[in-house]
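First the structure, in the form of structure tokens, and then the observations on it.
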Amino acid sequence: KMSHLDPDDTTPDDSQDGDYRSRWRSIRVMYFTMFLSSVGFTIVITSLWPYLQKVDSSADASFLGWMVAAYSLGQMVASPLFGLWSNHRLCREPLVCSIFINLAANIYYAYAYLPKTNNKYHMLMSRAFVGFGAGNVAVVRSYVAGATSLKERTGAMANMSACQALGFILGPVDILDESVETIDQVAVVTSNVLFFIVMFIFAVFETIATPLSMDMFAWTRKEAVLYNGIIMVGIGFQSILVFFLVKAAASRFGDRPVLLAGFGIIFCGFIVLLPWGNHFPKIQWADLKNNSLVSQVSGGSLVGNGTVEPTGCPYEQTWCQTTPAIYLAQYISSDFLIGVGYPACNVMSYTLYSKILGPKPQGVYMGWLTASGSGARTLGPVFVSHVYTLLGPRWAFSLICGMVVLGVILLLSSYHRLIAYSVRHGRIVE
């Protein structure tokens, strides 16, 4: 039974030493559960692509993306359901149920090669069910939180995270040394750098959209959220179409040309976004000056307390008075181009990386790729917010164009090395 301690407790309320040992025995079982979940995930994810190719030769790299996503989708659906269950019943019930689901789903996955047709869809379903079973992570964390005092909780949560990380490390470690000797490390590093550039550009794009539109088009906060939300929804639908087009283009022209084309389209998107002309943005200080006379304000939006929300480019940004405004047509055209180039580069970066790694365990290498993407999405917003605020869009987008050019140069210089593992070792001809 789950022991719920008062959140303000700093010491465990164990009336007997046996209760204390029992409570921590249960917590350590949760540690082990998290460890095994991570080990299982890592072992499977590292062999997912080669197993998929072996089971169903019609499956391509784009289907691999759906395979990976199916796990997360199943976990996303199951986590709140198991969490709700654990709130109203004993924690052991959703835990036992999820473990049996996970066991059955992994057996299903192991024997997905037996059906005569549609093997890849059987694998897809099995991964979704495995993810559903992995939704017990929410219950595990909830149990540990409820079974520890405030003083104990930080250490317990840290131990659980350490067990999870240890599982990710130990999953593929048994054959890691053999992988390192056969994979082209230059191609691996190049792919990580290219992926970093792609994710950095996207982080800049999604960060700057709202402040840029408010500065250039004098949109209010509500208008910026509404209009940019509509644009993002449109880009989302456009990206789905691009994924299908990329699949066809990669089959006909190859992965590397599509990746190169994606970079070219992104470059055009940011070139289009550069300010030009003699029209300057509306300066926000004009609104501030007239703020006391609401009836005389020609540009501004009334807010709830009867005052006016200033709109336009803030006077603190000195570049607003010397940098031409970006036209709405430029902004929308740039959104369209980046909305084409980014998904193409994203899927091709991942696909090429997976092919470079080949049938060897990919867990550690995929961890590097994820880390490079996370680093890019951390640094991108910091970069663009500082450069844009201090120097304006001309400098910010010019530097992004320079980064794209460096990415293209890196791609072209290592073009001959960014090939599939099987091609590099002469098993098949590209």
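Each Cβ is built from the backbone N, Cα and C atoms, and glycine gets one as well.
For 29-51, 63-83, 95-112, 124-144, 186-205, 225-246, 258-277, 395-415, the entry in TrEMBL reads transmembrane segment.
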Under 8 Å Cβ-Cβ from the transmembrane segment (186-205), and at least six residues away from its ends along the same chain, one finds 259, 266, 338, 342, 345-346, 349-350, 352-353, 356-357, 365, 368-369, 372-373, 375-377, 379-381, 383-384, 396, 400, 403-404, 406-407, 410-411, 414, 417-419
What same-chain residues lie close to the transmembrane segment (258-277): Cβ under 8 Å, and 6 or more beyond its ends?
194, 201, 246, 249-250, 323-327, 330-331, 333-338, 340-342, 344-345, 348-349, 352, 392-394, 397-398, 400-401, 404-405, 407-408, 411-412
Below 8 angstroms Cβ to Cβ, which residues of this chain, lying six or more residues outside the transmembrane segment (95-112), approach it?
33, 40, 44, 55, 78, 82, 119, 122-123, 125-127, 129-130, 132-136, 139-140, 143
